[in-house]
Structures are given as C-alpha cells and as structure tokens.
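Colleague: Here's the feature list from TrEMBL:
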SITE      17  site 'Transition state stabilizer'
ACT_SITE  22  active site, proton acceptor
BINDING   71, 77, 84, 98, 99, 108  substrate binding site
ACT_SITE  97  active site, proton donor
Ligand code: DQA
C-alpha cells in the first residue's frame with residue numbers, strides 16, 4: 001500500500017502555530033510515529049506553502065499511488081486549481097483537517113476538494129491523519 005500525506009500552507013509550523021487549535025507536536029514527530037505504527041505501509045510525505053507545487057505533486061503521485069491524504073489547509077477553502085487537480089487524477093484522495101473546520105469560521109465550511117474526495121476526516125487533531133491511513137487499509 002503506497003500512500004502519501006500532502007500538507008499545504010502553514011502546516012510546516014505545526015507545534016508552534018496556534019497550539020491550542022493545532023496541538024504542540026511537530027508534523028515530523030507525528031510522521032515518525034505513523035511510520036512506526038504502520039511499518040508495512042509505503043508512506044510518503046510532502047509539504048508546500050505554494051499552491052502550484054501542491055498541484056504538481058498531486059499530478060506526480062495521482063496515477064500510481066494507492067491513496068492520497070490531503071490537508072490543503074487554507075487552500076481547501078479557496079483553490080479551484082487544487083480542486084480540479086483532485087478531480088483530474090485517478091488516485092483516491094481523503095481530505096483531512098486537524099481542527100473541526102465546521103465548528104470554526106464560516107469561510108472554513110467551504111471545500112473545493114470535498115466534492116471529489118473519497119471522504120473527509122476533520123476534527124480529531126493530529127489523529128485525523130491516522131484515521132485517514134486506516135480508511136485506506
Ligand atoms: C486546517 C484547517 C484550515 O481551515 C486552516 O486554514 C489550516 C489547517 C486543519 O488542519 O485544521 O491551515 O486544514
């Protein structure tokens with residue numbers, strides 16, 4: 001099972017950024033824990049703050065990976081381009097959010113990814129990523 005976690009803008013600051021919302025753990029720590037928990041999963045990771053780089057990565061992995069776990073962060077709510085990329089690739093995408101976006105500001109209730117995602121997991125903290133892996137297994 002070949003999976004990739006793709007994280008969008010500002011998620012490189014996890015651990016430092018608004019820890020009351022996003023937790024005090026860096027993503028690198030969480031990623032290592034996931035690799036240890038799922039040793040048989042061929043797990044990959046990519047993060048970018050740049051919309052076009054996220055689209056390029058979706059194109060690269062979107063025809064031969066088994067699954068994509070995508071937290072497009074703020075671009076979830078704004079990016080027609082990322083939404084179109086998710087629509088155009090073959091690999092199923094699970095949309096993930098650390099926070100419960102539906103319990104926050106109204107602009108976070110919109111997703112350009114969800115209409116073409118296999119499913120959406122939001123609000124379980126960093127464990128949202130683990131639940132997304134489980135959904136593919
Ligand atoms: C987020 C929620 C988004 O609304 C926000 O812009 C993020 C992180 C989350 O994981 O909870 O950067 O995707």
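Glycine residues also receive a Cβ, built from the backbone N, Cα and C atoms like all the rest.
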Colleague: Measure between the Cα atoms of every pair in 71, 77, 84, 98, 99, 108, the residues the record assigns to substrate, and report the largest value in Å, rounded to a whole number.
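Modeller: Roughly 24 Å, rounded to the nearest whole number.
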Colleague: Taking only the binding-site residues 71, 77, 108, which one has a CA atom nearest to the CA atom of residue 97 (active site, proton donor)?
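Modeller: Nearest in space to residue 97 (active site, proton donor), counting only the binding-site residues, is 71.
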Colleague: In the structure shown, which of the recorded positions 17, 77, 97, 108 has the fewest Cβ neighbours within 10 Å?
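Modeller: Result for the recorded positions 17, 77, 97, 108: minimum number of other Cβ atoms within 10 Å at 17.
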Colleague: So if I measure Cβ to Cβ from residue 71 (substrate binding site) and keep only same-chain residues at least 6 apart in sequence, which ones fall under 8 Å?
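Modeller: Residue 71 (substrate binding site) has long-range Cβ partners 5, 6, 7, 8, 11, 95, 96, 97, 98, 128, 129.
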Colleague: How long is the line from the C-alpha of the residue listed as 'active site, proton acceptor' to the C-alpha of residue 77 (substrate binding site), rounded to the nearest angstrom?
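Modeller: Approximately 18 Å lies between the Cα of the residue listed as 'active site, proton acceptor' and that of residue 77 (substrate binding site).
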Colleague: Take the C-alpha atoms of residue 99 (substrate binding site) and residue 17 (site 'Transition state stabilizer') and report the distance between them in angstrom, rounded.
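Modeller: With the alpha carbons as reference points, the distance is 13 Å.
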